[in-house]
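Student: Pasting the feature list from TrEMBL:
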COMPBIAS  18-42  compositional bias 'Low complexity'
REGION    18-79  region 'Disordered'
COMPBIAS  63-74  compositional bias 'Acidic residues'
DOMAIN    115-215  domain 'Cyclic nucleotide-binding'
DOMAIN    247-360  domain 'N-terminal Ras-GEF'
DOMAIN    365-435  domain 'PDZ'
Amino acid sequence: LPADFTKLHLTDSLHPQVTHVSSSHSGCSITSDSGSSSLSDIYQATESETGDMDLSGLPETAVDSEDDDDEEDIERASDPLMSRDIVRDCLEKDPIDRTDDDIEQLLEFMHQLPAFANMTMSVRRELCAVMVFAVVERAGTIVLNDGEELDSWSVILNGSVEVTYPDGRTEILCMGNSFGVSPTMEKEYMKGVMRTKVDDCQFVCIAQQDYCRILNQVEKNMQKVEEEGEIVMVKEHRELDRTGTRKGHIVIKGTAERLTMHLVEEHSVVDPTFIEDFLLTYRTFLSSPMEVGKKLLEWFNDPSLRDKVTRVVLLWVNNHFNDFEGDPAMTRFLEEFENNLEREKMGGHLRLLNIACAAKAKRRLITLTKPSREAPLPFILLGGSEKGFGIFVDSVDFGSKATEAGLKRGDQILEVNGQNFENIQLSKAMEILRNNTHLSITVKTNLF
């Protein structure tokens, strides 16, 4: 064993950093590409029409490469065993020799472990830069004796250990659990005897001095935004590479109002996915999406914010259209937003919105029964092939069975009782609907 590995210590808690790190350190923030889809498909569809519209800054999806080498790289990266081999290669290097790519590989692996869960990205990155790899080959090997002085904080990467306390109580720690010093330079001692339970136990160790320095310097990387004497947002300074060219502050926490306001503010080069992240997570801290919707309509009236507001709505429609389809208030919000785009003659953005809505809407089946053929229809239609359109629902009688079944203004009727309605005259469509008492109607939201 390396000399510095014989003096590890187990705290009473499985994750000592949770109890020792102050609340300002405990925000977990993971910067990664948002899993939501981008608008690149929409841009391509309107490329010939949008003219000189500024679409800079909107994310684009990666395209598949035809290069066989790239495919092999992807296969290797998706193989968990291969991934662990890469991580081990990075760990076995001397910390001084680790490259930025090595540290990124380690970060990707470490952020999945519970021991690192409550740490900010910059803390994890610094720990990955100084951690030392250690292996205990045999099961039953004593790793720490009771009363030994500690000099590092460690995390189990493979295998498990058992701690036997002086009172006879035992505890088992496994992959992802941490043990060792707290972030202080005071002397601490092992309680109990720690033995490996299986062969090939693997650990990463961070020397006490490094652990203490990294966790206690976190405050220097923080920027706190205050309003009326209260902290409303906390940002963390990050550098994405060692050249210093890609650095800035990333939002790690804030009040609901301040996070909403940040949607239309300038975003740092290291925080390009704030809008997507917000739209994915707002449900956990806002009671209704209309809290955001009302603000966006209000900000749209400010010419300096108009493009930013439109970008937020486009991403929202493209990534989470179900927020609008199932909510009458949000449907009205979309209609009002469309009217605003029309009023301001923002034709390119309006086309993007049309295409996004049409592409994301899902087909629904509405079943209606009329008491007789002569009974009036509980909805009004418009459109028809003679006007170059499909058949659309203009309004639905309030409180009718059609409303209860989910039919609403803006629905396009695609099919009735198996008959295609996408290219049919309005008079013919009305005749079919009137002459049947049982109606099985396939519709799709198509507000515009």
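The backbone N, Cα and C atoms fix where each Cβ goes, glycine too.
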Student: Helix, strand, coil: count each for the residues of the domain 'Cyclic nucleotide-binding' (115-215), based on DSSP.
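Tutor: Helix, strand, coil within the domain 'Cyclic nucleotide-binding' (115-215): 20 helix, 41 strand, 40 coil.
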Student: For the domain 'PDZ' (365-435), how many residues does DSSP put in helix, in strand and in coil?
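Tutor: Summed over the domain 'PDZ' (365-435), the classes give 17 helix, 24 strand, 30 coil.
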Student: For a three-state summary based on DSSP, what are the helix, strand and coil counts in the domain 'N-terminal Ras-GEF' (247-360)?
Tutor: 79 helix, 8 strand, 27 coil
